[in-house]
Amino acid sequence: MFQRLKQEQPGALEKVTAIAGDLSQPGLGLSESDRDTLVNNVSVVFHSGATVNFDEPLRNAFELNVLGTRRLLEICRQMPNICALVHVSTAYCNCDKSDADEVINPPSENILNFFQDYAASTVTGSTATKKECLFGHPNTYTLTKNIAESLLLEERGKVPVVIVRPSIVTAALSEPVPIKTIYVFWTCMYRPTSVKVYHCASGTLQQYKWADLADAMQKAILRHPLPNIAYYPKFAVTNSYLWHNINLYCFRYLPAHAADLGLMLIGREPRFVQRYKRARKAMDVAQYFMTRGWLFRTNNILFNTDVRSFEWYAYWDLYLLGIRKYLFKAECSDLPKDGSRLNRLYVLRLSTQGMLLALACLLLTTKTAWNLGSTVVTLSLKTCELLLDRLGLQPR
């Protein structure tokens, strides 16, 4: 990430000083000397500290995302040279609005009253994930980010505040990316009296859907396969929760159980079922966002960036290459070998589908086989229903 910086200015990192702090502690947990250093020397503050865990208990999310923002703002108000506070929020903080403008939408009185009492209480928040505590939000993250924006609007005082709302954060196409620098420059120059909000999204200029992503990722991963994959990759989207669960069970959980059984027979630790359970949990968390669409208006953008010219297919190619290099530590020279493995998995996939089709044809051609097949199918469906229920995969 910092290769260019190291090459062109190898001593630049010596200018950086790390200070220990904690958003959950009064005064950010800073020592008196560290606080004085910040107050007297800092003029621009980027606030990107938060818990981004969608399943975070409400008490923790409120403590870090809301009260942590208030604690930072209190220190910023003490800075005599403060030029800008750039707060990183999320485009989904107003996820109840399918058409979102670059404005702050204060939460309702019910939410504010609830959290005023909540902030003053010492309740641990064991009922945090209950729907009545989320006020229509899908999780504690979007809810607390919405409240934090309103807090900045009401309590900023004379601190110039900029709110940046990224949608889904992925890898940078190139670096450096001067977007935040431009936000800060404009804020420092003009020092607006209102809070400026900027959506970091393709907006209405180039709408990008999950089906587009699935198509692009499918093509990218076939061109740049990941090393040591155990199953032929297939990206697809569906609006049917039942069909999704059937596919997940038949083409993911069953092969995973079979693979784990094989590992146990040779004395090795099973791992595939646990992997798919983690993947399933991630999909459940993201389901709200993957089954809906939003238009994020980008009327406040100041710099010359036309997202309509953005090449998504080229971007995902670079994305997969980056995953290979930085996560899997794979070299480009290994691509032919990984491609050969992918081809073998594809042949295995076709062979399995062919055998299943042949078995189905056989069952349809003989009466005895038909009766036997009907019995097997009935038992299989009952077994699937039982397993889906045990695994918590029944359609909601």
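Any Cβ shown, glycine's included, is placed from N, Cα and C.
Because TrEMBL annotations are produced automatically, they should be read as predictions rather than curated entries.
What TrEMBL records for this protein:
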- 7-191: domain 'Thioester reductase (TE)' (DOMAIN)
- 252-329: domain 'Fatty acyl-CoA reductase C-terminal' (DOMAIN)
What are the helix, strand and coil residue counts for the domain 'Fatty acyl-CoA reductase C-terminal' (252-329) according to DSSP? 52 helix, 2 strand, 24 coil
Can you work out the mean pLDDT of the predicted model over the domain 'Fatty acyl-CoA reductase C-terminal' (252-329)? 83
